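Engineer: Residues or ranges marked as domain 'Glycoside hydrolase family 31 N-terminal' in TrEMBL: 89-329. If you look up TrEMBL, you'll see 374-708 marked as domain 'Glycoside hydrolase family 31 TIM barrel'. The domain 'Glycosyl hydrolase family 31 C-terminal' feature in TrEMBL is assigned to 716-807. Positions annotated as domain 'DUF5110' by TrEMBL: 825-874. Taken from TrEMBL, the feature signal peptide covers 1-21.
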């Protein structure tokens, strides 16, 4: 064990993050980052040179080697700047049309980091076997795709890679000549040049001018090559310059999305060009940004280097597999084209080009690379109640009792860092939490769970067994010397960090979460399987570190510097924690582990939230945009803290924020330790009753959300879908990010995120009827797009059902979601203009992985005009017809509709069917082949009408049809 030193400034350091508001000076701008400065200067020189600019990188045609199965091609690349330096280019074409482009230095002085993709990818992609490469005098090309309409071309001089469809460029790499891979070099080269130049101050000596023949491209100075200072910190840069600059152009796409996490618009604003929206590039560098701005390109807690480029004709995407700090400039030279410039501090070039051509196909292509959101535990879609901090076991019990007294549903209570003695995670403070297991069991008695925080920093003290074991095993991150343990400061004071890149840490970390005693060390015996985990501060956040994080020259397993893996770091901690929770029981159960830091692939592990937001209207609004952007990049299980982490929101704001929260995939209220208590049961009337109704609406809609999660887990389609995903050809909707659809359900939501609003404007893109969810008022859209104005008083949230949808809900109020397992369903049938509708419902036990063995129910509901003036509503099993598409990662060959889970809920029925938009009052309503049913009809506007107004409503009372069986109801 290493010695532990405690400093007198301990408490001052602990207070630092929450004593200060956002301070931009704590974080670098591009001008303060050496490699970003160099990359932007390179772009400026190219812009000034205009047509005379030419990339120095070329392909040697004689070096081209095509694999025996034609799936891969390799070639040597040279730079005219450094003819002696060798680079290797490789292109791989996957069986779904994705093109992977790699460039690395060959036989360099050192090795560039090349493992980012291996952490992000769910498996090694399958390569296509049907490619035919043709090597010409000027270019290398291959044509592929089902219609042979996709082409990848590699120009030799200069090097340029183009992905084309139908003869038009879709994505171009190095089209503007900004590619620059800074090769490894010896510092003595710089020193030699300096020695050759005479001292200008020496009398009588001639000043020798040394011409820099590379200045036209690299500039005339070695800007921060070997050392870099920021504030009081110095980055030693032992490997010297190794950045990668790459321009990626979308010549026929004028809108781009993605690259979360940033607090900004869904449609990404410009950072360069004429009148840019921001003056700094978008930054990807996971950071603990305290009270972040509501509109900024600053980096936040997570980084996913994924971008979609969209037009009315096609959608394409790219995944840039790089784990180091990256800056991205965006400009729009025309309304129909986009220029981007990616500047990364280290790593190889490893870019995946996603050919689309639709949003659905881009999502599927990315999902096949990095996986989809793991199907979560059903209870985790309920309401989560959190604050920093519930102060004792009795406090938790009191909060639970108050929720029950006020008939407010809740599924999860959370504990922040104060539960742990001296912030030694896993170790309960028995002065305030004397009975953690009994407390958890009391919560679980109502079907609820606990979530407890476990941060990555370990208190450096010998009486903390988790730290002591990690130190003895030598699995902690090392300082720049590569010896000993890196020491920084966080909530625990003097701290060290587990190196989760070290395989020796994995099983050890998993063992800490066992609820029974380990033979080999500490395990969390004061825990139960009803406790799940919150991973915070895993960027990592280090109070006395540069930019409040780990120094870049710290050393990880394999000798890699922290600069190489920074953005990946938090994902590994999250992943290993989730594995620990999953494997702590004999029968693996789905873990819930929330993370603040994330990377490409984190969606396979669990949920994220948007971090330490403020209780302001601006932060409420941008939270919606951030959740949508995370969904675009695959991180679909996302949400922002209801009420804002900081501040004391007024009742109106809090009500509106709950309305936002119930339509977020992850739904949690959270608050800072210095805020007033704001649990919903503390609100005065009418606010308390409004929030109660809001919570009940979330629980009624849980079948919709769980079904959307199943679809996402199989297809990668976002759970909350922005307008362009649903209507990709509607140019008027490309920038819409304040309304969205919930999965494929047909639910359209427009949250109110402004003060004192009593109306809302909603955009309808199509010539279709949309029904107000609450009043059944039928609105009409237009094929050219149409804005409608709807009532939005404080108790109202604009929610609509798209004509042609069938919505399954459970309407009986319960204290928690597990208590709803055997509750009956209500079906809302919202007829389209043509009198049809469709919807689906997915159910399983919501806890285990038995669904992967075929234990689930997946039903389709259809309303159709079986004959003139007759509507037939039916239910059929979907899994039997689509066994291979039912469950993520499991290609079921057969399906038994009478599986064990189906038998558990075989008595669950449909208790009510509501049909909206019938043309006229029925003559009869009956189960096909059965007796007449009880029903009521209220006349109103028909779906096929052209006018607006309250729709006709048919209510079929308790048809006694079962949710697990086939049936049909005929409305004549």
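Glycine too: its Cβ is placed from the backbone N, Cα and C atoms.
Unlike curated records, TrEMBL annotations are generated automatically.
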Engineer: Please give the average pLDDT for the domain 'Glycoside hydrolase family 31 TIM barrel' (374-708) in this predicted model.
Structural biologist: 98
Engineer: Short question: most Cβ pairs under 8 Å with the domain 'Glycoside hydrolase family 31 TIM barrel' (374-708), which of 89-329, 716-807, 825-874?
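Structural biologist: Per the Cβ under 8 Å count, 89-329.
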Engineer: Tally the residues of the domain 'Glycosyl hydrolase family 31 C-terminal' (716-807) by DSSP class, grouping H, G and I as helix, E and B as strand, and everything else as coil.
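Structural biologist: Taking the domain 'Glycosyl hydrolase family 31 C-terminal' (716-807) as a whole: 7 helix, 35 strand, 50 coil.
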Engineer: How does the domain 'DUF5110' (825-874) divide up by DSSP, counting helix, then strand, then coil residues?
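Structural biologist: Per-class counts: 4 helix, 30 strand, 16 coil.
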